[in-house]
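Below: the structure, in structure tokens.
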Amino acid sequence: MPLLDRKIKVRNALLLQVYIRYSHLLRNIVEESNAANASGGSHTPEVRQKIKRIMMQHVKRKCGSGGKRYNKCPSINTTRKIKRSVTPTTANESLIDVQWGSYWMGLITIGTPGQSFYVDFDTGSGDLWVPAAQCNHSCGGNHTFISGSSSTFKSLNKTFYILYGDGSYVNGSWANETVNIAGISIAKQSFAMATSAVGMSSRASDGLLGMSYQSIATGGENPVVWSMYLAGELSLPIFGFWFGPISTGSDTGELILGGYDTTKYTGSFTYANVNVKGYWEFVADSVSLTVGSTTTTVATSINAILDTGTTVAIAAPPTYANAIYSALGATYNSSIGWYTVNCQTKPLSAFPNITITITSTSFVLTPLMYIQIAGGPSNYICYVVIQSITANDANSNPIWILGDFFMRHFYSVFDMQNNRVGLALSTSYGVVATPPSTLFQTTTTLYPPSSTNSASTTSAASTTTVATLPAQCYNYTTIADAARLTTQGSGNGCDSSVFNSVSGNVPSYVRFASPGGTQLATSAPNSGQGQVCGTLAAGWTNATYPTTLGQTINAFACFAYGGNACFGYVYWIKITKCNGYYVHGLYAPGACAYRYCTQ
């Protein structure tokens, strides 16, 4: 796991809100040779006999998107005539996990014909923005909007500006365009084109799509979901989020527009009315901590916000956050900017369950749902994804935020028609990363004991036995790069600068993830011709992947080019079977236009 970055958002100088994002830099590194630059075309990859091996570098990045303010907002204009299509419908949008639940992004298109963008679907903001062509790489992501390529583009001649507390910013201009999400289109939707940015170049997603109420949209425009409902493209102004169990390596989530997915939760929904429209704010009954048979109430009648745009499980006002830290025995670690706990000698049973009670129903986070593990066997760090914030709503009430680490365990429904949020026990509930055997204890409680008003449907505590896994299963870099697929075309993609030198004889441990492949290509790409997966010499392995949990095998990797399956370089690599995913120990090729391909 990478270090975590803290970012404070500022919008219109109305409010500061601590907002956490963390992720490895996910990007393609493309480097053309002097020969290619001179000729304007592709070139033959350089051949060297000496084998080079290097280790992947971890890159700390800030991933901020969209600003937030808390205002008392008027109701959406429900007297407006709504045009209904003949067959109003729902849509299913697949989501991709970025760095173990740091945030989730999905694919949309903008324009005619549609131009593709991966955006962060954020229930804590109201604007849709993506980079314009002028922004180049400074806005982050991999795609930019080219207005001249769309027949439905219309400029609104209005400027767009968002400032972040660390000095980074995004600005640009507003326009109207056709926006499509999972096959549902809305014409003349207002969106912003970012033309310049500072401090945003390491973003993995291309932009952000806000899903809050209209009143907090910077430009005052209708949010996309509400526009789709007004146009009759959605049956109901409702949407639901499900986040897959990260520890299984599924790396997927789901957004349903116009309804929710009945296969992704158990039991029934508990609803809470939105009390301050703008954000999805509601009143929760209480927050409490339970160890054994002892329960301590931390707070009652809190104003909470359900926010897909916040990574942490819980963000609480300082007084309450400090009370939770004290109960956990957590201390501040200045090197990562987070509170850490003693997981070396303290048993897991000594850490409390954290219960958020909403409309008399308990939503319980067990310890491994809020404790995350970083580092390796000699320096494990266990940090809590609970953050202190100072922020008030429009009525000057302190607010709490329930973010992604909370929502991955509970299916969430956002209902604009009835102005309410709903939660139910997700099919992902209780699925957590297995800690190293040297930490905590050998038996881990995943589910809390059931009670009459508990969100859990389990009648007794469930346990799992911890498996011993190699250190690389917990300490690796994720590469989520669709351009590495063997189905992609040629290019000059270069891995020589992605990894470190072989001189240390220590491989770089990498996990390949969606939207790219999850394994290396297992046959010479393009029948040995190479020129696929965005490079010339296409990397592959002859390995038969291990099937036993924790097993590591040795294999070789070659680079196919020009009909030669092993052109230029051959490396020994390692492949480890982890908990639902593979970690690869790789070395770098010694020249450019050599790249590892995935399937």
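Numbers run from 1 along the shown chain.
Cβ atoms are placed via backbone N, Cα and C, with glycine included.
Features of the protein shown, as given by TrEMBL:
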- ASP122: active site (ACT_SITE)
- ASP307: active site (ACT_SITE)
- CYS135-CYS139: disulfide bond (DISULFID)
- CYS343-CYS382: disulfide bond (DISULFID)
- 104-424: domain 'Peptidase A1' (DOMAIN)
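Feature map: annotations from TrEMBL on the structure.
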residue : record         : DSSP class
ASP122  : active site    : strand
CYS135  : disulfide bond : helix
ASP307  : active site    : coil
CYS343  : disulfide bond : coil
CYS382  : disulfide bond : strand
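When the recorded positions ASP122, CYS135, CYS139, CYS343, CYS382 are screened for a Cα within 10 A of the Cα of ASP307 (active site), the ones that qualify are ASP122. Candidate disulfide-bonded residues: CYS135, CYS139, CYS343, CYS382. Nearest to ASP122 (active site) by Cα distance: CYS139. Spatially close to CYS135 (disulfide bond) yet at least six residues away along the chain are THR144, GLY172, ALA194, THR195, SER196, ALA197, judged by Cβ distances under 8 angstroms. Rounded to a whole value, the Cα-Cα separation of CYS139 (disulfide bond) and CYS382 (disulfide bond) is 32 Å. Listed in sequence order, ILE371, ILE373, TYR380, CYS382, PRO435, LEU439, PHE440 are the same-chain residues at least 6 apart in sequence whose CB falls under 8 Å from the CB of CYS343 (disulfide bond). The disulfide-bonded residues considered are CYS139, CYS382; of these, CYS382 has the fewest other C-beta atoms within 10 angstroms of its C-beta.
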